Amino acid sequence: MRQSWDMKVQPNFCPTPPSLPSIHGMSPLFLVCSSRLKGSLKYFSGPCSVMRNNDVKEVIAMKNNNSVAMPTKESASGEELSAESYNYCICDTCKVGNIDDAMTLLAQMESLGCRPNYSSYTSLIEALLNVGRTLEADALFQEMVCFGLKPRLRLYNIMLRGLLKKGLLGLADRVLKMMEELGVSRNQETYEILLDYNVNAGRLEDTWSLINEMKVKGFQLNSFVYSKVIGLYRDNGMWKKAIGIIEEIREMGIPVDKHIYNSIIDTFGKYGELEEALEVFSEMQQQGIRPDIVTWNYLIHWHCKSGKLSKALHLLAKMQEKGFYPDPKIFITIIGGLAEQGKWDTIKENFEIMKSWGHKESGAIYAILVDIYGQYGKFQDAEECISALMSEGIRPSASMFCVLANAYAQQGLCDQTVKVLQLMEAEGIEPNLVMLNVLINAFGVAGKHMEALSIYHLMKENGISPDVVTYSTLMKAFIRARKFDKVPQIYNEMESSGCTPDRKAREILQTALIVLERRHCKSDISGESRLMLLN
């Protein structure tokens, strides 16, 4: 793991601005944030010059292949560029996604004794969160507060979404506390961000608390909120109650939209009610609601999980006919299922269909995943795999790295799974909760339960809150290692952390308890036998 994992963000580290030490106007906090610049940070002397509108014209963004022309520290007249010029370029560079260039501009700007304005801070924080560089975004957020810039509600929501997406509950709670102290009221978006996290984390009580708070404050319980409630019931084994909410929604006059239909399809699929899921799928189309990529993914995923691969492939073909690009995560399920049955010809046919639809990017990923599953063996090395994707013009994202890591993990290729994590970090993408769960799974499949446990401890040390998947995957790793006595301990930790165990977690616990009970019975019988022999 790289050094940035060991950064400790202190909750009250920020002194008043006048006492904040600096080097040429650059705060120590920013020096930490700029550690990624790898030597590009430069120090210049001299005060920031007066703002000049002419400078802005000289550094206007030159958009070409998603890049922005980087300004020099001096204008054509030999004078230093103004703060306005730098702020303009930082915002524009963030818009096209060149966050490293934006951070370089920020370093140059602060070296001249200037500070970014509110728009620059907001653009930088949002761009950093978009690429998973959460700790840097949080550091900049705290820095802007230190310098007296009061965040607006939109920025608070951006921070909450980014932090909760990475499972950084402690930092998110600090943001909420700051909002409360400064009298910033939550809006509909704030509540929806918090609901999304709590449902995905399986926090039943916290979810209902938020919903009740929304009702008291007069916020509308829209289709998004109800779709989350359905998901919560689904994940807690109350799928019939989840379906029953539909009647409540209709009685309240809330239209059943795509969010609701997708949640119902996912609920039916999870509990093996595939015919009902297809009926709902048909109904939503009859109501004039066009299925999206999420709808297709749910249907294909649950048909694969139920062993109905022919129907899953039929749905995959239909999805492509409708112009949707297949989700690489679905490829793992399909390829894995077909590979187990030795149906490589079917895999090849499906690949040819995909190419005929012109899905070049998805086709390249599909081919590499097939290779990882053992058909050719060319990409058994993760580095070669990433290089091949980049040569096809595919820029690996956090999601893509997770897909590849999951493929290696399912094959028990633990070293390659770790290498994917290292390559992900080399691209400047911080490992997220999904990636770390995949890594725990890889160690578990490889029979390295202590390594899996070390990842779990590392997550907690770095402020990443484990979710239900984390605990379930860790319990499975100990069951594979036949360390059944450790499973109830992990389960208890899950409950004490505030995660509501789902059906899968409860089933794993039950398996461990049955084995432990049998061992206990055998031990008692063995003890009685020894007493009989002695007598």
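Here the Cβ of each residue, glycine as well, is placed from N, Cα and C on the backbone.
What you are looking at is a predicted structure, and each value in this text was computed from that prediction instead of being measured.
Listed in TrEMBL for this protein:
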DOMAIN    97-213  domain 'PROP1-like PPR'
REPEAT    82-116  repeat 'PPR'
REPEAT    117-151  repeat 'PPR'
REPEAT    152-186  repeat 'PPR'
REPEAT    187-221  repeat 'PPR'
REPEAT    222-256  repeat 'PPR'
REPEAT    257-291  repeat 'PPR'
REPEAT    292-326  repeat 'PPR'
REPEAT    362-396  repeat 'PPR'
REPEAT    397-431  repeat 'PPR'
REPEAT    432-466  repeat 'PPR'
REPEAT    467-501  repeat 'PPR'
How does the repeat 'PPR' (362-396) divide up by DSSP, counting helix, then strand, then coil residues?
21 helix, 0 strand, 14 coil
So if I exclude everything within five residues of the ends of the repeat 'PPR' (432-466), which remaining residues of that chain have a CB under 8 angstroms from its CBs? That is, six or more out.
1, 5-6, 9, 132, 165-171, 201, 398, 401-402, 405-406, 408-410, 412-414, 417-418, 421, 424, 473-474, 476-478, 480-481, 483, 494, 497, 499
Residues of the same chain, at least six outside the repeat 'PPR' (397-431), with any C-beta under 8 angstroms of its C-beta?
1-2, 4, 36, 99-100, 131-135, 166, 328-329, 331-332, 336, 365, 368-369, 372-374, 380-383, 385-386, 389, 438-439, 441-443, 445-446, 448, 451
In the repeat 'PPR' (292-326), how many residues does DSSP call helix, how many strand, and how many coil?
26 helix, 0 strand, 9 coil
For the repeat 'PPR' (117-151), what's the mean pLDDT in this predicted model?
88
Residue counts (helix, strand, coil, in that order) that DSSP gives for the repeat 'PPR' (222-256):
26 helix, 0 strand, 9 coil
Count the Cβ pairs between the repeat 'PPR' (467-501) and the repeat 'PPR' (117-151) that lie under 8 angstroms and are 6 or more residues apart in sequence, then report whether there are at least 3.
no
Would you kindly list the residues that approach the repeat 'PPR' (292-326) from elsewhere in its chain, counting only those six or more residues past its ends and only Cβ-Cβ distances under 8 Å?
258, 261-262, 265-266, 269-270, 272, 274, 277-278, 281, 284, 333-334, 337-338, 341, 343, 346, 350, 353-354, 357, 359, 361-362, 366
